[in-house]
Amino acid sequence: MKGRQVKLREAHKSGSPALCSAVWGPGGQHVVTSSAADTAVLIHDAAALLAGGRGSGVAPLSTMRLHKEGVTALAVAPGPGGSLASGSIDHSVKFYTFPEGEFQSNVARFTLPIRSLSFNKKGTLLAAAGDDDGIKLIATIDNTIAKVLKGHKGSVTGLAFDPRNDYLASVDSFGTVIYWDLCIGGEARTLTRVAPTFRSDNSVRNVLCWSPDGHTLAVPGLRNNVVLYDRDTGEEVSTLKGDHEQPVCSLCWSPNGRYLASAGLDMQVLIWDVKSRQDIERQKFDEKICSLAWKPDGNSLLLIDVRGRFGIWESVIPSTMKSPTEGIPDLNSTKAPLFDDDDGDDRTSCGLEDDIDESLCDSTPFSHKRLKRKSTFDGDSEDDDLIHQLELSNRMKDKHKDKKEDAAKASGDSASSGRLVTAKMQAAFQPGSTPPQPGMRNFLAYNMLGSITTVENEGHSHVEVDFHDTGRGPRVPSMTDYFGFTMAALNESGSVFANPCKGDKSMSTLMYRPFSSWAGNSEWSMRFEGEEVKAVALGAGWVAAVTSLNFLRIFTEGGLQMHILSVSGPVVTTAGHGDQLAIVSHASDCLPSGDQVLDVKVFNISERAQSLSGRLLLTPSSQLSWFGFSDNGQLSSYDSKGILRVFSSQFGGSWLPVFSSVKARKSEDESHWVVGLDANNIFCIVCKYPQSYPEVMPKPVLTLLELSFPIASSDLGANSLENEFMMRKLHLSQIQNKMDEMSALGLDTTAYDDEAFNMEAGLDRCILRLISSCCSGDKLIRATELAKLLTLEKSMKGALTLVTRLKLPMLQEKFSSILEERMLNDKRIAGAVGICSNATITRNMPVLTPHTTLPSKFGQNGKKIDSSLPVLNPGNQESSLIEPKKPDGEQARGIIGSDLKVSPAFTSLAKVRKNSETKRDRNGASNATIANKNKGAMNQIVAEKMSTEHCNRTEPQRPFNPFAKSSSGKEQSPSLLDSIKKMNVETEKVEKPNSKVKV
């Protein structure tokens, strides 16, 4: 161990590890400490601490015990005469004079504990945050809240103002970092889950820190390292990787930005030379160091551990190296930048603190030129450094021009303006996966079949496959993963895994593991040189991978390389179902509004065809969160705004929103993590804020929610009925499209006939309930529109019965005219079909049996019943259309079949089916076989020959409407209700006993 061991002295007593804080005063003459296990805030004399030793009993200069619970955050305003701020578990923030420690005021109260405080460079703004939803920016001149910044999903544990007063950086307990643009008061960019999480360990927290020149943000990394991010782009600049054995929990910069100190959970403090990326000093302590602070104008480091013991590490940087106070950046310098363009117009910072000063009639708002990057190390002027400075200078200048334009537009929509600055293309992801967490198990895949989980353990990972149905078969053996797989897919046959490149010498690997095989050693793997796998998918007998070169590689289950295609852009995700493979890729850069521009293509692997190519639609300002197929093979997508869409062939191919997470959630802190869906329901896992994805343990519970269109609030108050109406229409359309596709391929659609009929009947029942609601709400035009959508003859009768009982004569007349028009149309359709059938049969005359040549059919009493269509009698209002007139008590029963039980006038009111092999009339009766059809056709031919003369004498008559009033004044017709009752009785006689649908 290098250097003299730092001696720590007790400032706060703590029986267990607790979060402690320590900060320097502006001049470096005083030190302030606090502990979450102590209500006191202590101000110490730094010189006395250095002169004394451990246990010397040096008393603090001031002790403030105004908080009711432990103190979790400290901040000292820069400059002489600054203020001291403290935040506590008691939800309060208090101000004191410094260094006297006299109480000034309570600044703000929160509803939950405070976790972090930070002053800006001028001391005019204090940022305060914690477990509450939002970061409060407080104007120190009058203690008012100037702005609340919302965007984090977890507790905010670290805050840091950019030294140039342009940005505020924050980090939460989930490791997400957000740059807040103070000019527009909104998000500038977000770095998702880049820092470690400490879960239940409340003695440490995530922190971040700006370099003194404001060009670089230091954040603890996920690999026990420190990652430096560029201020303007948010991109990773460099990484400090050393001997930390556990995650970094605290860090700070030297005054000149050349050195950086980091403390880890391994109880080590390392000092880094940022330019060489090497640790030059280190100290090992007995407890975790939870707070570090570099002396503003010296070579000393203040630190405090989780037991409340603190000390000062003197002469941190050896005298043989450049002093940490040499070359401190002067941010207020008016000197022209080193690399500037000719049009060197002044660019003024427009932070929130300037608006506050101006609104309070203070002095002229603080203004300065934004300096270009200067070397913060030594006087060495290397070519690569100069090139980097020049590139950064130009980029910063362009950004300021854009920023001024954005600020002019930011009056009403700060969030939108923030997106204009930071539009970024979405990275590739695997549906059903969760982000990796150090030491925690995460999902590589989670779908309707099962899940694949992984956890890192001492240089390798442990992978397990589990099925939701535990009785499915033998358990799949776990796997030891030495490749570091980060993506996977799962189906009934097997699982596929892939990993990205880890370095220049490592290659991306694709591995397939079948669950069962008749041959041994059926597992296989592929390695890719010069490219890495970005997304994987599985289907019926194939494995697919999309790589960084935009190659789509398709393999068989046995590992045979079958196809290599090029996709149009960087892949976002893939999904497989049967023979179908869907790929989502970027069509272009993001729009100026920040919206993603995504394309989707669907391939049929077995047919080597492309069945779909188009744009994938998302909610504005959202990203794709889940993508896949429903159980019945329907393409679906779910975005970060909580909208689930399914692809439909309606309107030439459209994305229909069938679920809204915002409308389905029970409380505002709920979100839905999609797993899959079927025809009627979405399967998801409900996550509670701040969690946005499930954890492996405890095992997540699958929730079933009904699909629902985002229906507007109806004036009928029948939103559920209207949603049911739209959902049934969608399902019926899907079935009919499937039948049409099968018919076009010459396949039998008999299996779908019953399903289609039941769906039509269910749709009619829903329409009848909507008609009832419209009648109750006096929406008669809407009721008429709904009546025109009824499909079955029986449903139309039910609608007439309904409006009759409700005594709505206008609707009776409208519905009667609709029925009359349909009867006329169906009569014409039936005639056209009969002529076509007769011509076909005449050309292909079969051998007639004695049964098929009968010109008529017989009743039970042996009497002959004419098989020709009944002649309509306009004077008779009884339902002669349903069956011929019979003697009382006699029920006609034909020996040919059920072909003549219902008049052709009451076949389908919507259409005649394309498939002529089997047909079902709308009362539920179905033709028995094709032979029965031929019999009926033969009987019709013979009947036509026998009654040709009669048919020639009889002119075509208009179909009679039994609900219309008689035009003859001589006969007194029965009431409309009596006619409906008689018609229902007649209908029940001919209706099949096992009719599937009753209205």
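Keep in mind that glycine also has a Cβ here, set from the backbone N, Cα and C atoms.
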The residue range that TrEMBL labels region 'Disordered', out of 392-419, 448-475, is 392-419
Within the same chain, the residues 6 or more beyond the ends of the repeat 'WD' (241-282) and with Cβ under 8 Å of it are 1-3, 196, 198, 204-213, 216, 218, 220-226, 228, 288-298, 301, 303, 313, 316-318, 321-329, 376-378, 438
Across the domain 'WDHD1 first WD40' (9-312) the predicted model averages a pLDDT of 90
The repeat 'WD' (149-182) resolves under DSSP into 0 helix, 18 strand, 16 coil
